[in-house]
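What follows is a set of notes on a single structure, which appears directly below.
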Amino acid sequence: MLEKNNLGDKRIVDLEADSEFRFEVDFKAQVQIKLVKGTAEIFGTELAEGVEYTFSGRKAAVYTWHEYTANETPMTSYLNTHLAIQQLRDMARSSNELGPRVLVIGPHDVGKTSLCKIMASYAFRQGEKPLYVSLDTAEGSITMPGAVTATAISHLIDIEEGFGSSATTAASMGSTTMPLAYYYGYENPSENVKMYKLVVSRLAHTVKSRLAADPESRTSGFIIDTPGLINQVGYELIWHAIEEFSVNVVVVLGHERLYSDMMKTYKNQDNISIVKLNKSGGVVERDKQFKVQLQRSKIQEYFYGTPKCELSPYSMLVNFGDINVWRVGEAIAPSSALPMMVGTKDSETEVVKVDSFDMCLHSVMAILDADDAEHENKLLQCSVVGFIYISDVNEEKKKMTILSPSPGRLPRRHVLMGSFKWMET
Ligand SMILES: Nc1ncnc2c1ncn2[C@@H]1O[C@H](COP(=O)(O)OP(=O)(O)OP(=O)(O)O)[C@@H](O)[C@H]1O
């Protein structure tokens, strides 16, 4: 394998069987990798021989099999888990039932997303079309940070750009393969547990009804990626996800106590298998700054595309009167009115209308799939048709400048604001 960095330094790396070449590239740097001879993969997607792949802002590993005996990486156990799940798919096919519902849990930075990608890629390579569900609102691997999403794996996950070039682009172009998304609006599930549960339940309901109507995906089932959940709130959210998605395989990655707690909780339920897998030595802890940069680049990608598939967003003026901006939480009331408000609102899952448009500046907002006349109590249950960014607010003229991936009028007038702000660079 040939590695070349942006200073032009090149080197050849010989990969032994069942070993990985791990690399980290900063957001400002670039590295090129070419498979000169043999076979190798990145998170389950095979590299083509002789093709130069470019990476920036990534931490990843090139892995090669050749033989399945050595034990230096956990890849053999990942493959075996996939094979066992594949058997469940075969069984589902013979009885025309819903395929495996796999939930991957564990602390932060143990490789949950990477494992989900690997399992989804292996399934795809075996002719399956599983759904990839992401409950990780910090990451925004599909569409935007703050959203919980589901997308069909109908082509290989891109080596260089992960989900970037396929799912995000489909999302921003409003394509029919637009991932299914519900907007939570915060990074961390513990910021508003009730609201998080609400969007997860909605997503689960829609995923299950989509699968019921889609014979191709139904028997392939789905794989759910989660945020690092191991505290009290985390357990509550895991139980909730298992219930709502009717999960039947729980994969616990890199955490002994979480595994034994899950074994205890589900010991009387034969229909749920709990699997323990080790964390790969290659998984890198990403500091806060790297994660913030990752979120920024996800937002940027949504509007401007990726190096392989650039997009040109549209900037347009919208009258304050043509858009309804909502946010979750109590209305900001004058202090004299406060005693009257206490106990009257379930503020965690109720929306309030934003009247002061100044606070919208630099916000990312989800356009909700709601009719103009939809009752405000129903808005949080609506899926997302796309996202916009507020680049300017002119209180005098009562207009906002918005950035949108598609031209023309806003497809819907109800938009939901979360806590994500962004500055175009
Ligand atoms: N075998 C490996 N070699 C090198 N880098 C890896 C390997 N596996 C994962 N990584 C990298 O380690 C980082 C953390 O992995 P990943 O995102 O899969 O963890 P996670 O558990 O999903 O994290 P989170 O806490 O965000 O949910 C990522 O940048 C990923 O690309």
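Including glycine, each Cβ sits where the backbone N, Cα and C put it.
Just so you know, TrEMBL annotations are computer predictions that nobody has curated.
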Additional site residue, Lys59, Lys194, Lys197, Lys208 [criterion: listed by TrEMBL with Glu20, Asp109, Val110, Gly111, Lys112, Thr113, Ser114 for ATP]: Lys59
Local confidence of the domain 'Clp1 C-terminal' (311-424) - pLDDT mean: 84
Fewest other Cβ within 10 angstroms of its own Cβ, chosen from the binding-site residues Glu20, Asp109: Asp109
Span of the ATP site, taken as the largest CA to CA distance across Glu20, Lys59, Asp109, Val110, Gly111, Lys112, Thr113, Ser114 (Å, rounded to a whole number): 18
Protein Cβ atoms within 10 Å of Val110 (ATP binding site), excluding its own: 22
Cβ neighbour count within 10 Å of Lys59 (ATP binding site): 17
Tally of residues which DSSP labels helix, strand or coil - the domain 'Clp1 C-terminal' (311-424): 23 helix, 45 strand, 46 coil
